[in-house]
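S.K.: This structure is in structure tokens; I'll ask about it shortly.
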Amino acid sequence: MSQSDGSQNTYLWIGKLVMISLAPPFTKALSVMHKIEAAGFEAYFVGGSVRDTLLHQPINDVDIATSALPEEIKTIFPKTVDVGIEHGTVMVLWKGEHYEITTFRTESTYQDFRRPDEVTFVRSLKEDLKRRDFTVNALAMDQKGNIIDYFDGQTDLANKVIRAVGSPHERFHEDALRMMRAVRFISQLGFKMEKETIAAIEKNHALLEKIAVERIQVEFLKMLMGIGRKNGLLIFIETGLFKYCPGLRNHEKALEAFAKNQLNLSTSLSAWTFLLFYLEVKSEEVEPFLRAWKCSRKEIQQVETAYRALKVRMNRSLDRLELYQTGLEIALEVEKMAESFGIPVYPLQVKETYESLPIKSKKALAITGNDLISSLKIEPSREIGLLLEKAEKAVLEGKVGNETIQILNWLKEER
Ligand SMILES: Nc1ccn([C@@H]2O[C@H](COP(=O)(O)OP(=O)(O)OP(=O)(O)O)[C@@H](O)[C@H]2O)c(=O)n1
Ligand SMILES: [Mg+2]
């Protein structure tokens, strides 16, 4: 009997038959699956959605793997987009939803540890699952909810173990990012890592250098924000992966301290801010540090603001001007961060104080540079900016009301 002919017997042959009820993201995708099967091909749910369903965790998107070639998928569905056709992925637009459908494939040779030189499409599900990263990610589910498990992924799920499929060394050589994914899953799922998988990371950690920082960042943040952060970070340190991440190489001790403290890291903003705090990054080094991690300008600004505020908040509450400069959203986030250090926090008071501020942004100030030029007869110069700042501060401190005439008179007296 073939292992890939999609018949019920295939599953019985493996000896694993588990029935579960399908969640809405799956049931919605069923008609896509039916259509592929009606055309004579196999189709399965694969990857994270199957893993998370078995863990009773919510799922977002479903990935579908099929024995049909990309060109065949395109003849089955009227609307498709070639999102990654060279890797076998076609996006199908169907009944108002979109689905990524990937042809079963093996990846034969890898020269650069990042992506296959050559993708070989195969007709066998088992061949496809064999080249996936971890046993818990190498599960497939058919449209009836039967689980297909060739690599004992369900046992590892039950024992909470991350284990590479087959040879970890080979899996990490195929894609070195998988080493980061391993520590990310440890943290995200609260799992342990199997010994040989750890040993292979220790041996191959330097391959991470070949991977784009953007991709590493995604896994790194998920690791920092997971429920098993301590364990994930400790393995990230012990295996030496940290040395190949921007700005972390000489900070083993600080990272350990960061791992061991119970912190409330629910957002990427708090993750970055705590990291900077533990590494004791100097204010002027924050920007280059985050730039090396490929954070966006906006993110960098927000983290700089939060970091500045947290350093103040460790000693005292923010004053009105600092609260204004920080903004309510970040100030409340900083309260949560401070709470992680056992500092008494007052989020309601922060909210009330913020709401009582006469202005919330520069735009709300009742004078502009042009007012200064026309009323105070000042030439356009640096002085304008300085006067506006002075006025802004005075309004916030209640020294003057936020009214054009009042501010102008006050500035005239002050000059
Ligand atoms: N470097 C990688 C990335 C992905 N995969 C396989 O592709 C699936 C889907 O990948 P992805 O969506 O990146 O990860 P998920 O496991 O689905 O995790 P998440 O819930 O974060 O999406 C994985 O489960 C795994 O089978 C892999 O083998 N190697
Ligand atoms: Mg996924």
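Glycine residues also receive a Cβ, built from the backbone N, Cα and C atoms like all the rest.
Just so you know, TrEMBL annotations never went through curation; they're auto-generated.
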S.K.: If TrEMBL gives G48, R51, D175, R178, R181, R184 as binding ATP, which of R123, R132 does it give for that site as well?
M.R.: R132
S.K.: Find the shortest Cα-Cα separation between D61 (Mg(2+) binding site) and the binding-site residues G48, R132, R181, and name the residue that gives it.
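M.R.: Nearest in space to D61 (Mg(2+) binding site), counting only the binding-site residues, is G48.
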S.K.: Of all the Cα pairs drawn from G48, R51, R132, D175, R178, R181, R184, the residues the record ties to CTP, which distance is largest, in Å?
M.R.: 20
S.K.: Could you list the residues of the same chain, at least six apart in sequence, whose Cβ is under 8 A from the Cβ of D63 (Mg(2+) binding site)?
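M.R.: The list for D63 (Mg(2+) binding site) reads F45, V46, G47, G48, S49, E100, T102, given in order along the sequence.
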S.K.: For the domain 'Poly A polymerase head' (43-163), provide the mean pLDDT of the predicted model.
M.R.: 92
S.K.: What residues, ordered by sequence, lie under 8 A Cβ-to-Cβ from R184 (ATP binding site) and sit at least six positions away in the same chain?
M.R.: E219, F220, K222, M223, G226, G232
S.K.: Output: those binding-site residues from G48, R51, R132, D175, R181, R184 whose CB lies less than 6 Å from an atom of ligand 2, in sequence order; none if no residue fits.
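M.R.: G48, in sequence order.
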S.K.: Output: those binding-site residues from G48, D61, R132, R178, R184 whose CB lies less than 6 Å from an atom of ligand 1, in sequence order; none if no residue fits.
M.R.: G48, R132, R178
